[in-house]
Each structure stands twice: as structure tokens, then as C-alpha cells.
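Worksheet: one structure, shown below.
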Amino acid sequence: MDSVSFEDVAVNFTLEEWALLDSSQKKLYEDVMQETFKNLVCLGKKWEDQDIEDDHRNQGRNRRCHMVERLCESRKGSKCGETTSQMPNVNINKETFTGAKPHECSFCGRDFMHHSSLNRHMRSHTGQKPNEYQECEKQPRKHKAVEKTFSYHHCFRKHERTHTRVKPYECKQCGKAFIYYQPFQRHERTHAGEKPYECKQCGKTFIYYQSFQQHAHTGKKPYECKQCGKAFICYQSFQRHERTHTGEKPYECKQCGKAFSCPTYFRTHERTHTGEKPYKCKECGKAFSFLSSFRRHKRTHSGEKPYECKECGKAFFYSASFRAHVITHTGARPYKCKECGKAFNSSNSCRVHERTHIGEKPYECKQCGKSFSWSISLRLHERTHTGEKPYECKQCHKTFSFSSSLREHETTHTGEKPYECKQCGKTFSFSSSLQRHERTHNAEKPYECKQCGKAFRCSSYFRIHERSHTGEKPYECKQCGKVFIRSSSFRLHERTHTGEKPYECKLCSKTFSFSSSLREHEKIHTGNKPFECKQCGKAFLRSSQIRLHERTHTGEKPYQCKQCGKAFISSSKFRMHERTHTGEKPYRCKQCGKAFRFSSSVRIHERSHTGEKPYECKQCGKAFISSSHFRLHERTHMGEKV
């Protein structure tokens, strides 16, 4: 069995963590370290530096870094059995008892207990970086690849890992590996949820010391931008801000070449290539690439809505939704497009709009190749492939792919319509619906197709129209493989498989799969036929029927088969015709399994099992399975030859 090394048992503090300890905790740390030294038996090297606190005060270095490095280095030449008298003992020197620090820096006047500590400190003034390492056979302390020199051997060893890419610290939960121990420690907190830094004023806790520092209530912002005057609490934030003026983007992705001004944005971007999702929900097991997405997801379980409007009391899951809502009270639209001058109530909406001018779409779907302007749009699109529906209605348990669809559905239970049109007084459940409605008053159509010039009031209609040019059909039925341009058409199609008929006639209780079918059916009871043909006077129940009828006068047949050239008046007849070429029979009888090309055919066939004959002759009482058979029978009474 391998002997235990000092690295295996030593406790490591960062400079920030050390600053949070009180005097009793620091004393306890020194006692523990002392006990650790005494229990190790295979070390072999006399220690020059016996001042733990001087080690800590070396700015930017670990609390015990010199101690660790020298102990670990000395093990290579040590012999087992040497006594522990060679261990450093912070209490054995006279200076330690008295607290005297006889070694003074001639540059800055700082005092040190030990000469070795003073020597190391002097290098910060002289810039000296010794090129020989005495304990390693006089080998130069230089890195061969870049000829970079270091003042301390432990820094040299750490730097080497940046070239060798050795990552000795691996997370047991997600497998992510790290070059250095401290980032590994910090990463582990993201899994454990540990937040060791607590604000004494408000009780808020933080994973990272830097976040804790930035949160401070002092109000001090010592770092001010000379160009715009904006001030910052921490230097890193100030540095990042300066890059917005200079345009500097020092962090470049090796896979796609995209550059970033901030390392956090760069690391986040890398996950789009690796697919890494380090944040996992304990309740449902769903994993996320970004901490912010993970936090937002947790609210779907807890129901927490931390953002509340002071005017109307409405609460929101997300800060962005809250900010957008607040503006509905004021009517302000402070964000203006630089190209066309259009104003928006949120910066995000403005940025999305600006991409319509430049055409930038950096996020591409790996399954179908479609690209998007925003990562959130890509994630939402991916659900059309996976069928994922993470949003569930608490009242009826219906699930949805998008949070917006859930919110829209929830209003069917509450009936709430908080958004009112100032011109006509009409109310809406959503601000987006109000915005679309307002365009009917001002005739605004901001979404224009670059291919044909057609303009649209609504971005969703515009996207659907674009598919008529590209031929894209992103919604695929898992049962029969049929694909659709619109999600609404896809959902309606699914009902042909499930048999779901949610729309019921109040007069005769007949049910329908589609609301449009119910509306058309209701006209049968009223007998009203409001759509009349101007040429022949024939009246129809539906506007779609009169449009088809008018084509019999004009001879227009807009739907042409690419295989045989045959043209059709209606899209439905065209689709039916296509099946004669493909042989597709998507409609199957649930009782005997027989398949049919047309839904009407399967309905008529099913009546052969049920015995239903809905078409009855008023003259003789004879009943028929299908309307076509019934019409043929009627002619026998009129004297027509069938």
C-alpha cells in the first residue's frame, strides 16, 4: 500500500478564505497542520521556512503552498525512518514565542520572522526569477516550450500543466477534470449546492468569494471607466467593461473561432460544442449547461415567483418577464433599433430584432441544420424533434413544450386578460397578443420576406411563411412519419391517431377533433348560409367552401402534382391524389386493422362494424352508411337513372 503523502491529508485555504477566519480558527488550523506534520514519517528534508503566516501573506498564494511543495519535493530524496525532528514547528523558535520579526525589507519596510521569507519577498521588488533549482540536480527552472521563468518551483510545476494538459483533479459526479485543485474545489460546490460565503447584512449566501465581494452593501465603486464614467465594485468587472469600448475579445473558441470578451461567456459557449450539462435537477433528473437555466428550472418545481409587480401584484418566475411586464404599465419603449429606429420595451427584444437586419444566426440544429439567432430559440426548436414537454398545467395536468404555451393555456382556467387596447378597449391575456392586435389599427407589418417581399404583422406567421420557400417541415408524427410546416397542423393531425374529440356541439352533443369543424357543424342547426356566389347565387356555410366553388367558375387549379402534372382546385384533393403515387394509407381501422388512404374512408368502414347508418331517406325510411350511397338512392325517387 502506498504511503500517505502530505497532499493527501493537508488542508488548503485560498487567500480569500483565510481572510474570513477569526483568530481562534487560524490557531486551530496551525494546530491541525502541526499534528499532520508530526504524523508523517517519510519526509527527510529540513525545512527552512517555519513561518506559516508569512507564507499566507505572500499575496495571491495558497495558505500552505511553500510547505506543501517542499514537503512533496523532499519526499523524492528522503529515507523512511528519519525522525520527525525535521518537521517544521511553529512553536520551537524564540521569535515565534515573542512574536519578533527581526528581518526587515529595505524596499518597503515590511518585517518577517525568517530570513527565507524575506528572501522570497524581495523577489517581488527585484523581479528576480532564479534560473536554477538547487534541489533538482541544478536543472534550470525554465519551461522549455516558452522559456518562461518562475520565482518558485511550485509555480513552475503548475505552469507545466498548461502545456501538458494534465488534469489530475476529476469530479466524481460529472467527470469534469481540472488542472488546479482550487477550481476543482469551487466546481464541487455547484453539485453540493454549498454556499460558504454569507452576507452578514442580508443573509444572502454565495458559492464564490468574488461573488460575495461584489455583493457588498458598502456602495463603494472604486473602479471608474474613463470613457463613460460607469463605476464598478470589482476590478474584473471593470476590465470586462473596458473591452466594450476597445472591442477586445481575448478568449477565442478553437472549434468555431468565435471570440469573447469575458472568460465566463467563453466557457459557457464551449458547452455548446461539448454538450456538457453540469447542473442536474435532483427532483426530475434534468441537466442544464448553465447555472442560470438550472435556477430558473427549479422554480417550475417550487412554484416560486420572486419578481412581483408593485402596481398590480402580479408575480413572475423570471426577471426578464417581470421587466417586460413593468413597462406595460408605463408604456415606455426605451430600446431603439439603430438601423430602422423601431423601439422596444426590452433590450433582449431589441437585440433579437437587430439580427433581422444583419441576418446573423449562429446557433444551428444538429438534427435538421436549421440555424437560429438565439440559443434559446435553438433549445425550443430541439423540442420539436425530441417531443419534450417540460411545462405542466397544475389544474388539468396538460403538458407543453414552451412556457409561453403553458401561460396561454392557464388563462383558459382563470379567464384573466390584463392587457387592454387603448384604441378599442379589447383585452388580451398576453402582451404579445396585444402588440399583434395594435398592428391592426396602425397597419404595421414589420416582418418582411426577403424572397417574395410579403410582409406580416406577426413574427410567427413570418417564420411559417418562410418555410413555404425552404420546404422545411420540422414537425414529424412519430406514429406515421408525416411531417408538417405548422405545430398547430401537427397537433391536429395527432388527433387522427388518438381519436381525441375535445369540441362538443351543445345542441346535439356531437364531438369534433377541431374547433373549426364544430363551428361549421353548428351552422347546420341554424341553416344560415352567409357566403353567396356572385356568379350563380349558390350559398355556402363556410368561406372556404365559396372560395373552392368560385374556382369552378374561374377554372383556377393552384395545386399541381409534380409527378404527373395533374392539377386540383383544393389542397385536400391534391394531398389525396399524392397518396395514389406514394401508396400511403395513414388511416387504420381500430377493430380490424385495415388501412385507408382517406379519413372519410376509414369512418365509413368503421360503420360496417358498428352498424351505424346516419343517412336516412325521408320518403321511404331506408338508411345508408355513406352520403354518396344516400344521394344515389335519392335519385331513384326523382326518376333519375342511376
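Every residue gets a Cβ built from N, Cα and C, even glycine.
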Quick one: which of 38-60, 475-497 does Swiss-Prot have down as zinc finger?
475-497
Swiss-Prot annotation of zinc finger - which of the ranges 72-94, 141-163 it falls on:
141-163
Are there residues at least six beyond either end of the zinc finger (531-553) with Cβ under 8 Å to its Cβ atoms? List them, or say none.
520, 523-524, 569-570
How many helix, strand and coil residues does the zinc finger (475-497) contain under DSSP?
11 helix, 4 strand, 8 coil
Are there residues at least six beyond either end of the zinc finger (307-329) with Cβ under 8 Å to its Cβ atoms? List them, or say none.
296, 299-300, 345-346, 348-349, 403, 418-419, 431
Considering every residue in the zinc finger (307-329), what is the mean pLDDT value?
80
